[in-house]
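What follows is a single structure, written as structure tokens, with notes after it.
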């Protein structure tokens, strides 16, 4: 009797879930139709007031293309030459590896040679600054690696140069003497070296920590990891095992170190890779991805590029933000443009990071994947951060979060970590505002998560209430994320009060209600996606 009752309840619940899922999908379809229709009208009606639009190549007659984002415009303009250069580099590297059976030492020399050609074109004579700082860091690591205060020295040294590089804008050769050095300022290359050096700083810290830990007993249980990891069980090596397994002590050489710092495919934008994983893959190329999987990865990237071209030809989201023209719009249009800007930013970084990771994969070096999830499939701050600059997140967990005390000091650690992330990007108040706003939003989420982990649903009603509360929490989190990122990367701290005032007006309150409903529906849909993935596993 009880079994039949339970079966009928289960069938009713499944039917209820299907109806809910159908209603959610219909709402989402309607929302996107509305957003696309409204965005097309906004782009058509305001294009003459927007800066950064250029003649495009899609449609007949050609529509204007949104090239207002400096980073995307530079990448898109240089994409053909980047593809040619990295194609030649990776082809040569693979040929030489097979012909001469090169291992770690030989490949480090070879990639250092290729990378020097590359960064000499980018930075000209400024590579002297790079190698001077890098060599000083190498000496510091080698001399003090076994000292108790080593990590303090490592951070002070690297943070010091991170700040000085920005404050003095990459320095001037004239500071070494006008008579002999000043003429080198005429040969500073095509790309500012101190911008790229932010990533080099992360690599120098990674080398320092990995060498420091190589002299200690490893806490990584390789056998236990292999038992739990489906990649390692299949005979391949996952990224975690490459990172956690100490490299051979001879691999911490100056040539491997320099090769790691300036490795051409990952030099400009990453993704970020640890020294241990880089050195081990110089010795034995990655076997996680087959040739077929790498090709498919490249084809998916091409599809993403086509999507970006379509988006920038039809919708001028970033041009609205950079022109400040959206301040003249209604609250509903502000919401649509703000949502569009965040999606544009996600797709931009998705394409840049995956292009360089694809080049690295062809070269036999696997780097962690940035943006493994779509920006529209994150309903809490923790998953958003892990799914945005995911390789940076892995770096922070390994070299900051765990050394600072891990989960035992989580509420304190997030303030230190996000402040570092902000100043690492640039010395700007709007980035610090983004960091501290994110921390403020993070604290209640962490407290709620700790409470919900202890909660156990005793019946169907408890389960329903718990799910609805999680959906409400996700709605608030998405709203906070949207505000924090717009303040940090678009409007700045001065625009925060303006944004709030717009949504506290009579018309704005209605739009705010619509926005919360939309994010609530989106969060519920994410729950269904997550449930479907779990049932498939």
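Heads up, the Cβ atoms here are built off N, Cα and C, so glycines get one too.
Note that TrEMBL annotation is computational and uncurated.
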Between the ranges 1-20, 21-40, TrEMBL assigns transmembrane segment to 21-40
Can you check which of 294-316, 363-385, 386-408 TrEMBL lists as transmembrane segment?
294-316
Tertiary contacts of the transmembrane segment (149-168), defined by C-beta under 8 angstroms and 6+ residue spacing from its ends, are 133, 136-137, 140-141, 194, 197-198, 201, 204-205, 208-209, 212, 403, 423-424, 426-427
Within-chain partners of the transmembrane segment (511-529) [C-beta distance under 8 Å, separation at least 6 from its ends]
17, 20-21, 24-25, 27-28, 31, 330-332, 334-335, 376-379, 467, 470-472, 474-475, 478-479, 503
Could you check whether the transmembrane segment (79-97) and the transmembrane segment (257-282) come into contact, where contact means at least 3 Cβ pairs under 8 Å with the two residues of each pair 6 or more apart in sequence?
yes
Please tell me whether the transmembrane segment (336-356) and the transmembrane segment (109-134) touch - that is, whether there are at least 3 C-beta pairs under 8 Å between them, with each pair 6 or more apart in sequence.
no
Contact between the transmembrane segment (257-282) and the transmembrane segment (109-134) (3 or more Cβ pairs under 8 Å, separation 6+):
yes
